[in-house]
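S.K.: Attaching a single structure in structure tokens format; questions to follow.
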Amino acid sequence: MAVPQVNKKLLDELEAMGFPRPRATRALHFSGNSSLEAAIEWVIDHENDSDIDQMPLVAVDINLDSPQLFDITEQMKMKAQELRNKEHKKKEVEEKKLERQREKERIRASKDLTEAKRILESNEKQRYLALKKKEKEEEKRAREKIVKKLEHDKVERRSRLGLPPESPSVKPSTHLLQEKTLQTSLPLKSVTNAEQMRECLRSLKRNHQDRVGNLRGGMEFLELCGFERTEGDEFLYLPDDKVNMELLNTAGSELKSAMTNPFFGLLSV
């Protein structure tokens, strides 16, 4: 297969009019290579052919002698210009179509990017909230552990000091009732000592002082706990054989009641 031989002059004239070489060659070949007008007519009739701009191939040569050559007329020029205009408009339409397609692709890509960004931000937010929740739970467990440790240490300290376990907070009326119940449940000697201690503490509380030893009633309270005066009455000490845990526990309970119970002493006559 070879490119067909066409009239060189006619081919040059068609190219000068703006036709591509493959289209001009095809037009001359299939119009009989006879005239410029016939070639232009063929292009007009076949402008929508899909292979119009493909170089034709033939198996045999054709006669190159043209029976008659025609000059390019004004009508031919107009038709050629019309074809060029159609081709130009066709390219413009195709370009606009491609541009619209590209714009759609850009919009879709932008939407995809926005959606991906939204998903990423949502995932980041979920991870942040999960992390904050985990941190709060860890902080809560740590606080609970510290509170339990403090409570445990407090119980151990009270146990080492021989003090009774600390009871939960109760209402004043309930506390007063417990105070009355404690008085009736203790042995007679403990009740008497408790009453005397309570009276000492009421006296101390009325004076609004800080140090027990500086107040009238403070020395008596310590003596009721088992302390004894030294020679010269300058110091108090607690002999080992005079340690009475029941009495000290009673003193601790009364002292705690005086410090924490706002109604302490109101039942006394």
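Backbone N, Cα and C atoms are what each Cβ position is placed from, and that goes for glycine too.
Residues annotated as domain 'UBA' in TrEMBL: 5-46. Per TrEMBL, region 'Disordered' is recorded for 82-104, 151-173.
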S.K.: Do any residues of this chain, six or more beyond the ends of the region 'Disordered' (82-104), have a C-beta under 8 angstroms from a C-beta of it, and if so which?
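M.R.: Residues 17-19, 40, 43-44, 47 contact the region 'Disordered' (82-104) from elsewhere in the chain.
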S.K.: Under DSSP, the region 'Disordered' (82-104) has how many residues in helix, strand and coil?
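M.R.: Residue counts in helix, strand and coil order: 23 helix, 0 strand, 0 coil.
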S.K.: When the pLDDT values for the domain 'UBA' (5-46) are averaged, what is the result?
M.R.: 88
